[in-house]
Amino acid sequence: MCESVAPKATLDAARQLTSRSCVMNNWFRYYWAKHNFEYSFPDEFQPIEIAAFFNLTALLTEHLQHECHGEGTMARALFWAARMSSLRWEASLGRTALSFAAGNGHVDVVESLLNHGAYEPDDQDYTSWTPFFWAVQGDHADIVRLFLKLKDSPLDINQVDKSGCSALSWAAGEGSRKAMNVIIRESVSVLDVNLKNKEGRSPLLWAVVNKQREAANDLLRIQHVDKATKDNNLQNTISWASQTGDTKVLDLLIQNKCGGEDDVDIDGWTPLLWALFNQSPGRTALIWAASYGYLHVVKLLVTWKADLHVKDEGGLTAADFARLGGYTEIYEFLEKIGSQAGSKAESQSEAPGSGKGHV
């Protein structure tokens, strides 16, 4: 009978089940033996476990609201609740108890469910996420490690979701570095670190797109990672870093010699064009070109009469950026052009008819 419509006498009787009296304990032992459960009678059965065992949701809610429970008790209660229905029961979005426990970081609950056979390799929700994906997304490294140690039903570390993303891609894109490094350390021999999704983005590209500098740095340390990877639009890591405007990520990629600074994407855009499109306040095309060492672009912009003296919000010119970035050749070129322009302007101002001294 449903608790919401049960008579008060029935509800009171049900509430008695969770009392700790010897009478109820003896009755429960009799009930256990009568129904031939495959498990031995538990040495300790907390009220919340009894409520979960008999699917008494109202009583379960009362105990959850008014009492504190340890992780072990919660794990056992979840097990009994799942056992009385099915460990494979799915919620509205196709998620199982194991999926929720993994996503919320409940290590003991996950371990208990795994020990009782709750895991299946095809345990996917409607987005094709497995409990392992949820653990990775939450950056729960201990739970990720539990899944990777499964023996009876080994985990496919390169499994993908509906978008074609692997767990490694999600870890990189979300910045879940603890989970990501566990995956890399314990699965490196079978892990496809360059696996692309339907948009052609690898884990490294995802880290760059989402401005996850530390995750990108971790991936770049892997020997066989593809630094020159491109997505379906032919954008490489340098291009994406320029598009997002994240200079720290861009510096990291340049330092690691990822290459492709002059590569064009499917629309004919280079990384520099993306940088200019998403330029920081006060930064001109000349400043951007000088700050990233593009000498040929600097020379081209100078022939187009680019203003050498424009400053960004920090009061720095293109020459200043070249000097600070160590691009000596660009700095000397800009200084030379600036000196020549200054001398020319001075000579013109002193020429007859220049209007000097007139209001």
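Placement of Cβ uses the backbone N, Cα and C atoms for every residue, glycine included.
Taken verbatim from TrEMBL:
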REPEAT    93-118  repeat 'ANK'
REPEAT    281-313  repeat 'ANK'
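In the repeat 'ANK' (93-118), the DSSP tally of helix, strand and coil residues is 16 helix, 0 strand, 10 coil. When DSSP labels each residue, the repeat 'ANK' (281-313) comes out as 16 helix, 0 strand, 17 coil, counted as helix, strand and coil in that order.
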